[in-house]
Amino acid sequence: MLTLDRFIDAALAEDIHTGDITTRALLPKKRPATARLVAKEDFVLAGISVAERVFDRLGGSPVDFAARAVDGELIASGSVFATLEGDAADLLMGERVALNLLQRMCGVATITSHFVQAVRGTRTRIVDTRKTTPGLRELEKYAVRVGGGFNHRTGLYDGVLIKENHIAAAGGIGEAISRARAYIPHTLKIEIETETLAQVEEALTAGADVIMLDNMTLDDMRAAVSLVSGRVPLEASGGVSLDTVRAIAETGVDIISVGALTHSARAMDISMLLE
């Protein structure tokens, strides 16, 4: 919570800085007000407690934030999913930061839910990537989980993923896996990126724990699934869209990583309306 509080404090300071001059001009004295958070389109709710925390961190008069829904619920267009009561100035000062975070997180959860629904009935997991908004990774990865997806590694520090440039720098797939194995604790798995079936076979022989199939054709993915035959998990990656994800899942891969969950999520249309 401390990390989130620091982030929210920085976001509020960025927006308010020396003060909200519009609100000061129009509302020189305290005035009680009520506001509603209204959905302007259908979406999966994520981040309602984050929005509430924004108003807690303002440091002014207490704001009574009453959520009418919980994260993971489908919110219908036109629905009021939270009400706020407090000083009008505090509601207005916290509005933009709260909405920015809420709209972003709901967008991530919603697009994730669409991908998850698209592969329903297969055994494939939808996972995210590190292609997140700087500073928002933990919130965006949480939103992925709310939408029914799974998290890949959080950062460079908590998982080994040997990619094309690592392989080139190390001198080959076998050497890269060997060096990683000698360095990491036994509790960590080694994943390696491959682009051809020959590389898949080489990675399997070298002892990779997970093999990524990067931008492969559907035929090559099916061939890789047959070649590996369940010995290690296979992750498909690269250029995945809602139009292609079902066909990729039906090749038999275990995991599909989708950068679009975070780098292309559209902010949901949400308004805060004072009464």
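Backbone N, Cα and C atoms are what each Cβ position is placed from, and that goes for glycine too.
Curation does not apply to TrEMBL; its annotations are automatic.
Marked as substrate binding site by TrEMBL: ARG96, THR129, ARG130, LYS131, ARG153, LYS163, GLU193, ASP214, SER237, GLY238, GLY239, VAL258, GLY259, ALA260. Sequence annotations record features per position, and here TrEMBL assigns domain 'Quinolinate phosphoribosyl transferase N-terminal' to 20-106. According to TrEMBL, the feature domain 'Quinolinate phosphoribosyl transferase C-terminal' maps to 108-272.
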Using the structure shown, find which entry in GLY239, GLY259 (the binding-site residues) has the sparsest Cβ neighbourhood within 10 Å.
GLY239
Looking only at the domain 'Quinolinate phosphoribosyl transferase N-terminal' (20-106), how are its residues distributed among DSSP helix, strand and coil?
34 helix, 24 strand, 29 coil
Let me know how many other Cβ atoms fall within 10 Å of the Cβ of ARG96 (substrate binding site).
16
Within 10 angstroms of the C-beta of GLU193 (substrate binding site), what count of other C-beta atoms is obtained when all protein chains are considered?
23
What is the total of other Cβ atoms whose distance to the Cβ of ARG153 (substrate binding site) is within 10 Å?
16
List the same-chain residues at least 6 positions away in sequence whose Cβ sits under 8 Å from the Cβ of SER237 (substrate binding site), in sequence order, or say none.
THR129, GLU193, MET212, LEU213, ASP214, ASN215, ILE256, SER257
Going along the chain, which residues six or more apart from ARG130 (substrate binding site) have their CB under 8 A from its CB?
ARG137, HIS152, ARG153, GLY155, LEU156
